[in-house]
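S.K.: Before I ask anything, let me first share the structure, which is written out below as structure tokens.
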């Protein structure tokens with residue numbers, strides 16, 4: 001069975017979707033497409049690329065998100081990343097932060113569709129066998145008409161791009177913080193569904209405001225009955241909900257990808273993280289860099305608050321050991337809702353995990 005991994009994906013989130021988070025999320029879903037944090041071309045070209053590109057093979061399928069606006073630098077970055085074998089390379093045209101805009105990348109590039117097309121054409125030429133995609137908003141500032149959005153997609157698609165990940169909010173580049181830009185502009189899922197109707201041959205992935213697998217499926221379902229001029233999308237990207245309530249991803253392999261993967265047991269997931277955390281500690285890495293990603297695992301379950309508080313406080317102490325995971329886990333009664341005792345998968349030897 002061929003699996004189209006971008007039917008469900010986890011958004012690239014700066015300071016959140018690092019390799020420790022991705023290792024944890026792979027305890028919950030084998031098939032959802034994961035993303036790196038955004039990596040700028042300047043960082044890749046002027047620092048040690050391994051610092052940004054290294055990952056364990058089990059994190060795959062994994063997409064690399066790049067930030068930049070110079071076709072030559074983006075092409076060089078794509079070639080530099082080739083040995084790491086990313087499943088996809090994505091261009092960030094959606095981040096609204098002032099710092100990003102001053103670097104002339106992110107959402108501000110929606111005002112320059114020809115430049116975006118040139119960037120992606122250079123990326124495609126640099127590595128023809130890897131999908132090059134773009135993540136963008138439905139508009140920026142006063143450039144927010146559907147006609148402008150459609151023109152942007154048309155222009156970029158002509159460069160050979162087949163997948164557009166569309167955050168269903170416009171971005172205000174002046175006056176709103178990145179956090180406010182995720183909540184203040186209204187969600188317009190209808191605009192993304194209209195794009196799919198207008199571009200049936202493109203893969204359109206919806207991003208913004210999706211908080212569950214059921215919601216994601218509703219936007220992709222053949223039974224979706226939108227108003228005239230709209231169509232079901234090809235995929236859904238989940239952002240903050242996948243971080244704050246990560247166990248929602250445990251339903252993805254069965255519900256979205258149609259596999260017979262057993263539903264993971266949350267207690268078993270935490271126990272499986274202990275050898276990984278021990279390896280981190282042995283390397284001199286603070287254990288909280290892993291545990292901070294796990295705090296929401298038991299959201300909605302008895303003992304969740306005690307787990308979160310205990311783990312958060314204990315892991316923050318200097319020199320905290322890996323067993324803080326087990327100490328916090330002891331506060332959560334077994335079994336918890338939606339858990340299965342069936343094995344999920346066998347982890348590789350611990351010495352391979354952080355090699």
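The backbone N, Cα and C atoms fix where each Cβ goes, and this holds for glycine too.
Copying in the features that TrEMBL gives for the protein in this structure:
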type	residues	note
DOMAIN	10-317	domain 'DUS-like FMN-binding'
BINDING	12, 13, 14, 65, 135, 167, 207, 208, 209, 239, 240	FMN binding site
SITE	92	site 'Interacts with tRNA'
ACT_SITE	95	active site, proton donor
SITE	182	site 'Interacts with tRNA'
SITE	305	site 'Interacts with tRNA'
SITE	308	site 'Interacts with tRNA'
S.K.: Report, as a single number, how many Cβ atoms besides its own are within 10 Å of the Cβ of residue 92 (site 'Interacts with tRNA').
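M.R.: So the Cβ neighbour count for residue 92 (site 'Interacts with tRNA') comes to 23.
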S.K.: Want to know which recorded positions, from 12, 14, 135, 209, 305, 308, are within 10 Å of residue 182 (site 'Interacts with tRNA') at Cα; which are they?
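M.R.: Within 10 Å of residue 182 (site 'Interacts with tRNA'): 209.
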S.K.: Sorry to bug you, but what's the C-alpha spacing from residue 95 (active site, proton donor) to residue 135 (FMN binding site), rounded to the closest Å?
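M.R.: Spelling it out, the Cα of residue 135 (FMN binding site) and the Cα of residue 95 (active site, proton donor) are 9 Å apart.
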S.K.: At the level of the C-alpha atoms, what whole-angstrom distance separates residue 209 (FMN binding site) and residue 92 (site 'Interacts with tRNA')?
M.R.: 19
S.K.: If we check Cα distances from residue 92 (site 'Interacts with tRNA'), which of the binding-site residues 12, 14, 207, 240 wins as closest?
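M.R.: Closest recorded candidate to residue 92 (site 'Interacts with tRNA') by Cα: 12.
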S.K.: Between C-alpha atoms, which of these recorded positions comes nearest to residue 14 (FMN binding site): 95, 305, 308?
M.R.: 95
S.K.: Look at the binding-site residues 12, 209 and tell me which residue has the greatest number of other C-beta atoms within 10 angstroms of its C-beta.
M.R.: 12
S.K.: I need the most crowded of these recorded positions: 14, 95. Count other C-beta atoms within 10 angstroms of each C-beta and give me the top one.
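M.R.: Highest number of other Cβ atoms within 10 Å: 95.
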S.K.: Around the C-beta of residue 305 (site 'Interacts with tRNA'), how many further C-beta atoms are within 10 angstroms, looking at every protein chain?
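M.R.: By my count, 12.
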S.K.: Just give me the nearest neighbour of residue 207 (FMN binding site) among the recorded positions 95, 305, 308, Cα to Cα.
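M.R.: In terms of Cα distance, residue 207 (FMN binding site) lies closest to 95.
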S.K.: Round to a whole number and give the Cα-to-Cα distance in Å for the pair residue 12 (FMN binding site) and residue 308 (site 'Interacts with tRNA').
M.R.: 24
S.K.: Sort residue 240 (FMN binding site) into helix, strand or coil using the DSSP assignment.
M.R.: helix
S.K.: Between the Cα atoms of residue 308 (site 'Interacts with tRNA') and residue 240 (FMN binding site), what distance do you get, rounded to the nearest Å?
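M.R.: It is 17 Å, counting Cα to Cα.
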S.K.: Please state how far apart, in Å and to a whole number, the two most distant Cα atoms are among 12, 13, 14, 65, 135, 167, 207, 208, 209, 239, 240, the recorded FMN-binding residues.
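M.R.: For the residues that bind FMN, the greatest Cα distance is 20 Å.
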